[in-house]
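Asks: Just dropping this structure here.
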């Protein structure tokens, strides 16, 4: 894919000239020569594990595991779905490990689809991610954080929507500022809050074990009673489970900032995915031991209902745990997803200003601010949650396309170096399951699938008007914005070279 970068002539040398590299400056740390500006490789193996676990373990396991139970029909079948969702996510993550080490560029699906199938399919993924997936997901996470942090102050009713929105907006601004300032701060916040949410889950597990040891096993007498056999409902149960596992590919978005990606990317995946699967399994066992299926299905936040029943005067811990979990999850999501838009702009698929890097912090400040503004706007749209329903199948569709790209590249580029080469059975199994989920969603939720398809197709005219054959006044406007952002944010284009 051809890369379009902002011209150096747009940047005033007297303002943005970078001094020659010295032994202790930030560009020297990267092994750059001369005055090249690029993002530093600061993410180690433990940071990578924390990013994956931190992004995956968000609000899902605390708030809405009832979706799996609702569509699977029984406790036993629900647990099987949770395990299979973990296995499927692990298979997908291993496929992405091959893609990520073969194509060691940030951007995840966007980079892989572009390499395999060309710029238009890659842009369509970027279009959907930009329009709905990323900012809407971040907005919902921020709103969830605010709702549960304010819950102790309004214990018998919902907090005022204005207070929730303002707190959510403040959270987004704080995390955007942290991400702009220092990548090390980002990884420290991720590490701390990942540990916090794991401790909260261990409290749930400990309470569940204590409950079982006291002989309360009545919920396990007929674990498979009421299980459903309809393929459509089973697919919906998988969607609910996979939603709680979503984020396993986020480390692929920041491959260029990962130390020794050929070794650390697959290791981080192989460590984090089994850990998340085990945590989810034992947490659900604790839920099902303490709460009846009816109690789970009637609860909007299973962890809070669990805490009210088991923790007494310490029940406030659960809303606080949900808030901590969503805070850490959103921090990791902002960090990873901003790199998606950064790479898209670097390839000429978004305004060039979004591909600029701050010369002091070596972070993509314009991309982070752009994402933050989009997220803030979506906080004040009442139907934000509906947008997620429209594109739930779109995520599965583009993941399917990415894994298809793995098979296509093996055929098209058989001699390309692949530091990791997974068994051919893994991508084939993943494709079959994704096809089942996509086709089943078409029959069960035709309206949502139709809207999602329209959103994807709407990107085609945008591509031809702005990228393939750009309108002159749009190109001129983009250059003007690029120059202004270069001056205002003290940024330069990324100067790292790729093969």
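Even glycines carry a Cβ here, placed using N, Cα and C.
Automated prediction, rather than curation, is the source of TrEMBL annotations.
From TrEMBL, here are the annotated features:
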type: TRANSMEM; residues: 43-63; note: transmembrane segment
type: TRANSMEM; residues: 75-99; note: transmembrane segment
type: TRANSMEM; residues: 120-143; note: transmembrane segment
type: TRANSMEM; residues: 163-181; note: transmembrane segment
type: TRANSMEM; residues: 193-213; note: transmembrane segment
type: TRANSMEM; residues: 233-253; note: transmembrane segment
type: TRANSMEM; residues: 265-290; note: transmembrane segment
type: TRANSMEM; residues: 310-336; note: transmembrane segment
type: TRANSMEM; residues: 357-381; note: transmembrane segment
type: TRANSMEM; residues: 387-409; note: transmembrane segment
type: TRANSMEM; residues: 421-441; note: transmembrane segment
type: TRANSMEM; residues: 447-465; note: transmembrane segment
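Could you give the neighbours, burial and distances for every feature on this list?
Replies: If one looks beyond the transmembrane segment (43-63) by at least 6 residues along the same chain, the residues whose Cβ comes under 8 Å of a Cβ in the stretch are 141, 144, 183, 187, 190-191, 193-194, 197-198, 200-201, 243-248, 250-251, 254, 257-259, 263-265, 267-269, 271-273, 275-276, 279-280, 283, 300-304, 318, 321-322, 325-326, 328-333, 335-336.
If you look at the transmembrane segment (163-181), the same-chain residues 6 or more away from its ends with a CB under 8 A from one of its CBs are 138-139, 142-143, 145-147, 149-150, 189, 327, 330-331, 334-335, 338, 358, 361, 363, 365, 368-369, 371-372, 375-376, 379-380.
Here the transmembrane segment (233-253) has long-range neighbours at 48, 51-52, 55-56, 58, 60-61, 64-65, 67-68, 70-73, 77-78, 81-82, 84-86, 88-90, 92-93, 96, 99-100, 106-109, 265, 268-269, 272-273, 276, 280, 329, 332-333, 336-337, 339-340, 392-393, 395-396, 399, 436-437, 440-441, 444, meaning same-chain residues at least 6 beyond its ends whose C-beta is under 8 angstroms from one of its own.
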Asks: With pairs restricted to those 6 or more apart in sequence, evaluate whether the transmembrane segment (75-99) and the transmembrane segment (421-441) have 3+ C-beta pairs under 8 Å.
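Replies: The answer is yes, given that the two segments have at least 3 Cβ pairs within the 8 Å cut-off.
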Asks: For the transmembrane segment (310-336), name the stretch out of 193-213, 265-290, 357-381, 421-441, 447-465 with the most CB-CB pairs under 8 Å.
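Replies: Comparing 193-213, 265-290, 357-381, 421-441, 447-465: 193-213 has the most Cβ pairs near the transmembrane segment (310-336).
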